[in-house]
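Record features, source Swiss-Prot:
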type   : residues : note
COILED : 64-93    : coiled coil
REPEAT : 118-157  : repeat 'WD 1'
REPEAT : 161-203  : repeat 'WD 2'
REPEAT : 209-252  : repeat 'WD 3'
REPEAT : 254-292  : repeat 'WD 4'
REPEAT : 318-362  : repeat 'WD 5'
REPEAT : 382-421  : repeat 'WD 6'
REPEAT : 423-461  : repeat 'WD 7'
């Protein structure tokens, strides 16, 4: 039977000589070496690497290089497969069946960031401008930096907002079209800034009343007034009038550090170091209900507001998450929301259904003694360290963690849809994602993450 060789004659000869060299260097018996020479048809002079000026370690080097090349081929094939999957998903995600603007809320970022911003210090919070391609980054050195995402060679503006680290940012468009920015800090202060037309920060108010670290702030529009709520390590939540700078309400919802809050109308949800989440009526300070399941401090809470009963139904509303978590419920209309989400240092994210308080005419709402605890709807498990931030966009829930990963979850099924396993070289502190409002004329698809290594990853379509 004829033999078919893959290698040509000269390469076979080199391989045979290299095998003999390797066996000799390994100290094999002379009989084995002689047998190999006879098998390969080589003389003793041909197998002498020193005499022929041949590298005696050639076989070992070739073998190692083949392994490295094979590993590189596997990595490239995996990357090619990921890019192919993303490319195939673009038409359905971006345009859907009925054209662009219907399914854009289902967009998920690609595997690799479009570009990266470096601010040189730990990024503690990120916010997007509501209508312009501008990102505001807060750092642990007290700076706030504004970047134009389409011209990122230099920051638009940077200011030393606080003497110590900035803990959070909040943005709100004022009635006159200007942009208001709130910064909270470890220096016990909260400041309100105006981002002017010439891309500069102008200080409007300094709010000083907290006696410890100010953790987070949140704007609230109440009629013609614009209010700001803050929470602090001094155990209090305070509500401020942004025009006068007066504190109009202060109350204590927890007995430990209040780390996070979210407002909707007259109601506020807070999360604390005591591992509980509480619903309060802030004008009266009444505590209404609470959630007890987490075992470690709460890092972030989010309210999922209901759609107004008068809101027109769009094709995007056919999505299950719109029908379930955002649909109008007349019983909850005084509250304005039915569900909230929390994340904690116990590595868990929990979706909660909020019990209805007792609504009494001409009196503040009271706790419902028959149901004082939130109802657990779903627990999202997957992170292996503290979950630091969460954001909701359509039916997608995004989360970041100290395990250096970002995850995208389906709010309806609880399934983890996508994982960015090494999204950063350091702990990921914060996320920011553009609006998921279906009538948003911008239809932006932006996603940002900030980490302790001073990098901000920007994902865009």
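Backbone N, Cα and C define each Cβ position, glycine as well.
Sequence-distant neighbours of the repeat 'WD 4' (254-292) (same chain, 6+ residues past either end, Cβ-Cβ under 8 Å): 212-213, 215-216, 218, 220, 229-233, 235-237, 239, 298-303, 305, 335-337, 340, 342, 344, 346, 350, 352, 354-355, 357, 364-368, 371-374, 376. Summed and averaged per residue, pLDDT over the repeat 'WD 7' (423-461) gives 84. When Cβ-Cβ distances below 8 Å are used as the criterion, the repeat 'WD 1' (118-157) is approached by residues 163-171, 173, 179, 181, 183, 185, 187, 193, 195, 199-201, 426, 429-435, 442, 444, 446, 448-456, 458, 460 of the same chain, each at least six residues removed from its ends.
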